[in-house]
Every structure is written in structure tokens, then in C-alpha cells.
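Trainee: Dumping the structure here so I can ask a few things about it.
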Ligand code: PEP
Ligand code: MG
């Protein structure tokens, strides 16, 4: 068994029986959402997700203190383990794992556990019940909190497993490479996946822009999410996962495996041959930049040949402490490490994007009925100008004396007033760099020219732009159809923004996950986007595909995609134009 990296294929296989596998089983095709390129062929191993429900037995009052001690010890051990996994993993994964460790140590949750033990629960049952109560609260408290339920369940399972002395739930123990299948993957598991053992993964839940999908791409492991019935694939079944098309071939025939392997070999050769700056075959330059979460992601970006950073998600620096922002000196150090890695390159830093799926206690209001539509992103920074000022001052200091082209942008800009407020804050902090606005809200795309009166560039955050255009939460697998970045309405908004930037003589990049789809990258180029920023692992794929087509072909593909009515038709129309069908 081996990981086979392959090109995004250009066929759309229909679901259903095809041929017999070598073991005489019928080959079938399932379709989910491909979120991380490449093909993996191997046996299914399921994630150990069984919810351990400890029996509800009554303990004598004199045992309560001992049980409370056990509970505290287990919580501390699990938190320490999560922190250690975070240190090992580094980058974006570290921040996510540290946030989970903080969940485990939540003082209110611990107080609830102790209260339950005082009235007769065992430690494991008290943990189980206290987390269940907290879980219900999260699940009913708005979409972004509901999105954290998987993380909370994972923390609970780890503490209960430790108290019961049973193996931790999570990645299966196996010396043989396998394809990991799970309902959803908790960050603690994705962070530690060993790419030499885990050939790829498939989940029943999750959408293309969920944080699990982003982590999968960061790891460079082929992945398909939102696959209904994934949990029913029998342990040990042979499957082939195509992370580009979202197809899963169950019991693939020898012919299918050979076909996938041949496509993979061809693709590998093309990838190896493609180096240098991003450009179409006729030399139209489209800089390929990396999305990073901090200094730990820089090495992979440099190795993939990133021409700079198109999105530095700085919020990961803010997750260590939920009471206050990191000190200016600590921020200067982190920014400088990133800036030094790209001498004379372009580094676009996004100021803190807190709120919604990334809440921070000291910034995010706790009582919003709908946090995704509340005070988040730039809105919370304008409410806390001291946090913005410290960040901008730290950035100015970090860039001092370096030849790097630092650029700074704000998330969630809605209109010209927002853009002006951000530009004023940059000027007041003495930043002598370009400042820009992310286009994540449809209003910003519709009125892009007005926003460009205040800032010097636009960067399309297509993850949130899709979320707000289609009123479809990016964390919810059930609405992943609407999160598809091929949706023609989303392409229209990209085109509007790019046209506005061109008319103003300014630039308009894409830094949402849309940029990491090689075919869509060609379409975005055809729509007039001037740079593409993505997880480092996707850069070689995008570079190789873009280099195959002229700008005029990309423009024709873009027009064909926009003329379609559905995401699938848009994808097929662009494919047909580019393959000359
Ligand atoms: C986006 O919304 O597309 C984006 C790039 O920002 P994030 O994924 O961090 O919200
Ligand atoms: Mg966003």
C-alpha cells in the first residue's frame, strides 16, 4: 500500500457498481467533498470514537474527596497531554490543541464535576454528566459554539478513558498504513496523524472550509469530508480516496487502481517539473502565496516555493491567554520570524480575526444571539482600539530594517466606513506599508470600488464570503453543497471585486480555500484575480495546472463557469473549456 499523489482527475464518475475487485467484490463509487488533493489506496480503519458511558453508581460520602482528587488529576493529565501534542505538532494545530486543553481546565466545568461527586457520583460519571450539560449548552447556543462540540466531546472522552483506565479514543493503533474513517476528526487527532501510516482520511461530517479540512491540507494528506454513510464502511475494506474529486472507490478493481496510479505518476512528474513563480503558459504572472498560522508553518511554505505569504492568520498568537492580548514584544518576535523568512517577498498579515468560530473571551461578547453576524473580525478590533493599536505597532516594529514587503489587512470589512477606520488606525500606528481589506461579506464585493477609495488592495476570503452569501454555516456538513466555492454566485462576487480593483489600478487576491483547487485557481485567474494564497501543500498542484493554460483559456473557462446555474455545472463547464472538449 502506498500514498499515491495524483492530479485532480477530469472525469465525474457516477455513483454505482462498476467492476469486480481482485477479491471478487463489486466496486462501488461514493461521493463526498474532496478537501485535500491526492489519492490514497488502502484499508479502512475506523477512529476509536465509542462514547464511553460510565455506569451511574452511587459512592459513599467518605469517598467523595478521593474521587474529586482523581477527577482533578485526570483533567490535569489530559490537559498536559493536549499541550504536549500541540508542542509536537506546532503551527495552527498547536493553537487548536491548546484551546482544547483550556476547555478541559475550565474552572466552572471542574466545579460542576466536584459538585456532582459531592452528591454521590463517581469521578468518571461526574465528568461524563458535567460535560453533557455543557455540551447541551454549547449545542443550543448558536452555530459557532455548536461547531466546537466535537472538540468538547473529544476532551470528555479522553478524561473518561483515563479515569476508567481504558485506551484513549482516537487514531487506531496500527503498524500498517491505512485510510482513516471517522464521523468527524477532532483537532487532537488530525494534529498527530502520521502521514506515513495514515494514507488519507474520510469523514462523514465537516465541510470544505471547516478547520479539520484546513488542517488536512496543512498535513498534505488526501481527504474527503461530508461523505454520508462513511461510518458504515466495514473495517478492513479496501478503498481508494480521491481527495481532489471527492470520490471514494470501494473495493476498487485492479483496473481502477491502475488507472488512478497511472494518473498519479503522470501528475507527480508534472509536479516535479513545475517550479518557479506562478504563471499561465503565456507568462501572465499570478504570484502563489502561502496561508500560515505562525512561524511554525514557514518552513513548509518556503519548501513549496511560496512567493510570500498571502494570509498570516494572527489569531493563533492570541489563543494562549483568554484574558488579554499578547504583549507587544511577544508579537514583534513572532511577526519578525515570519518576515525574515521571506526577504524581499510579500507578506500579508491579517489583523486579529476574533469572534464566531474563533471566540476570544476578552473580545467576544458572550451573549450574542448569532455570533457569526455579531461583533467579530474588524468589528471587535474597532470596539477595542488598544488591541488593534498594539498589533499594528508590533507589526511596524517587526518590519523595521527588513527589505520585506509587509502588507496589513483587516478581516470582515463591510463598507467604506470600516475600511476608513482601519486605514486611519494603520496610519496612526505609523505603519508605512500597504493596507487592505478582506472581502468576506457580500456588501464589500458589491461596493468594492468605494472600499478601494480607502485601502490599497483587496483579498477575497472566499470561506466566509460563501458562508455569508449562501447563509450556510461553514462548520456544518449538511450545508456543504452551499459552501462549494464553484457556486456561480460566489464567482460573480469574485468577478465584481476583481473588476473594481482593476478599474482602480489596485490588486485583488484570493486567500480563501477556493485558491487551493487547481482548476478553480485557473478560473479565478480568468476572473481577474491577481494573486492566489493557499495552504503550502496545494501550491505545487496549483502551479502545475496554471502553467498548462493561457490567460485567454482561463478567461474563457471563467466565463463558462459563470454562465452555469450550479456549482457542478460550473466545474464541468470550466473543465470542458480547458480540456478543449
Ligand atoms: C476566509 O474566510 O476565506 C478566510 C481566508 O479567513 P478564515 O478562513 O480564517 O476565516
Ligand atoms: Mg474569514
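Glycine is treated like the rest: Cβ placed from N, Cα and C.
Nobody curates TrEMBL annotations by hand; they come from automatic prediction.
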Trainee: Going by TrEMBL, 350, 463, 464, 474 bind phosphoenolpyruvate; tell me which of 313, 376, 379, 427 is listed for that site too.
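Mentor: Among the candidates, TrEMBL records only 313 at this phosphoenolpyruvate site.
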Trainee: If TrEMBL is the reference, give me the range from 1-25, 26-50 marked as region 'Disordered'.
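Mentor: Here TrEMBL associates region 'Disordered' with the stretch 1-25.
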Trainee: Mind running the binding-site residues 350, 464, 474 against ligand 1 and keeping the ones whose CB falls under 6 Å of it?
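Mentor: Among the binding-site residues listed, those whose Cβ sits under 6 Å from ligand 1 are 464.
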Trainee: Would you measure the largest Cα separation among 313, 350, 463, 464, 474 for the phosphoenolpyruvate site and round it to whole Å?
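Mentor: The two farthest binding residues have Cα atoms 20 Å apart.
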Trainee: Let me know the DSSP-derived helix, strand or coil state of residue 511 (active site, proton donor), please.
Mentor: coil
Trainee: Rounded to a whole angstrom, what is the C-alpha distance between residue 440 (Mg(2+) binding site) and residue 464 (phosphoenolpyruvate binding site)?
Mentor: 5
Trainee: Which has the fewest other CB atoms in a 10 Å radius around its CB: 440, 464, the listed binding-site residues?
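Mentor: Comparing Cβ neighbours within 10 Å for the binding-site residues 440, 464, 464 has the fewest.
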